[in-house]
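According to TrEMBL:
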- 177-188: compositional bias 'Low complexity' (COMPBIAS)
- 204-213: compositional bias 'Low complexity' (COMPBIAS)
- 451-463: compositional bias 'Basic and acidic residues' (COMPBIAS)
- 468-484: compositional bias 'Low complexity' (COMPBIAS)
- 363-457: domain 'CARDB' (DOMAIN)
- 176-213: region 'Disordered' (REGION)
- 451-498: region 'Disordered' (REGION)
- 505-521: transmembrane segment (TRANSMEM)
Amino acid sequence: MPNTNPRVRVVPHAPNRTMSRRRTALVALTLATIALALPTVAAPLTERATDPASANVTLTTENSANADYVTITDTGTLALDFTTSNPALAGDGLNPEARTYVADAFRIHYDGDAAATVWITSDAAGITFLADGAPVDAHADAVTLAPDESVAVGVVVDTEGAEPPESSEFTVRAQVADPDTGTDTATPSPESGIAATDPDEPATTRITSPTPTSRVLTLRDTTAGRSITLDLDRLVVARAGAGALTLDELSVVSDGGDLGLDVSVTPPDSAGALPADAGVRPLGAVRVVERRGAVERATLRFAVDRAYLEAAGYASEYLTVYRYDGHEWSERGVEVVGRTDERVFLETETPGFSTFVVAAAVPDLRVTSADLGSESITAGERTTVTAEVTNAGDASGARTIALTLDGDPVAERLVDLNPGESTTLSFRVDPSDAGTYAVRVGSADAGRLVVERPETNTGRDAEGPPGGAAASPPATPSTDDSPAGTPADAEPPIVEPAGGAPTETLWLVALVGVVVVLALVRRLRE
């Protein structure tokens, strides 16, 4: 079969002078040997052997979202250029220790008369081509194109633990598909790395990591009803301290055929908040999307480092999983399936995929009631406040409960309760200042306490009755106690209060005295 496919010159390496650790990545996409493997069982297709596949497969940047990464050399070579020499880009090249993903860099278009499978091969490490988000860098991962159909192609360059190649050639391959099955008719060979179809196992299972927080899963020829376990290479869902919560494996039971899944870490509230009455705190979340095929049921296997539990302050038995089905949340729960000195392994089953949130049950210690022993006391006296505390959560925990007067804490108690337990607290209250106080224990209202001033005796009150009244005069001595020489029937002397006006008795005595004096004068004249 004649080969008319053009070879494209590789664009030379251009060093990056701005960063010592950053290497330029000038990836030349070489349209080398666009091969067409024709079936040997269908006569009409065999006759097309004289028509090269390169006439039906073309590359274009028309309508591509990231066409700026693609350049055309003087010789017509199509190249992906991430260097500073690309005038359309403002960056300094690829970041070290990172994964760079450029989606929809160019399109592969097929305009043949029959469907074909297309894939891209390369010998460059750390570079993966994706079509519609799925790897297409192996025959088993080929994408099927109908006549006059196009597919968007992206590229992932991984510099974690390696440096990008200075340049590399790639091959775009096409193969006419069987018109009855829609798959290519070539027989897999040992050199191809593709196993023949086994009724009990998928022909190919491929897992890639376009980013540190995502996994792309591709399965070919799965058997309906058979469970397949996929290793996700410890996809980190959350971190705390020196530990992590990871999604390690995903077991799926498909409906058969090809299956494509996208797994990615997502914010816990990306599908909305968990129910307010759930009594849990979200730790992390993953989203699983069926890109191709259908899944009957699945099992997610998580692992949590003991260092994570210690740093986050949770116990493994309080972990659970919630699933959002597009309408509402449901708790799936978890089962501890293994323990080591460093990790705890958990499983949760699901009837389908969507968003999954790993959460921890938290204690819910609340004051359910509070009462005052007395609503009125005198300053300096004491009264007692009692309160009932219950743990309404699903986890054991401790909480400090405070007694407050007008919002100011005056006493505290530390309460530690298991789920469903209750206890009664007792506080003594003895305000020193008079007034009215609002008494609360935690968030519970105990009422208002009135504190009154005590009754006290002043110095003036000690000398006489209250109100400044004079002290009562001493009792009049009895006749038996009269001193010698004093007539027993003599009247006691009349004493006029100091500084006071004469009393009526004094006026009467004075008048009698005047009458006696006048009588004596009259007698003397006679």
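These residue numbers are counts, starting from 1, taken along the chain as shown.
Note: Cβ is positioned from N, Cα and C throughout, glycine not excepted.
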Segment confidence, the domain 'CARDB' (363-457), expressed as mean pLDDT: 88
Residues in the compositional bias 'Low complexity' (204-213) grouped by DSSP into helix, strand and remaining coil: 0 helix, 5 strand, 5 coil
Residue counts (helix, strand, coil, in that order) that DSSP gives for the domain 'CARDB' (363-457): 0 helix, 63 strand, 32 coil
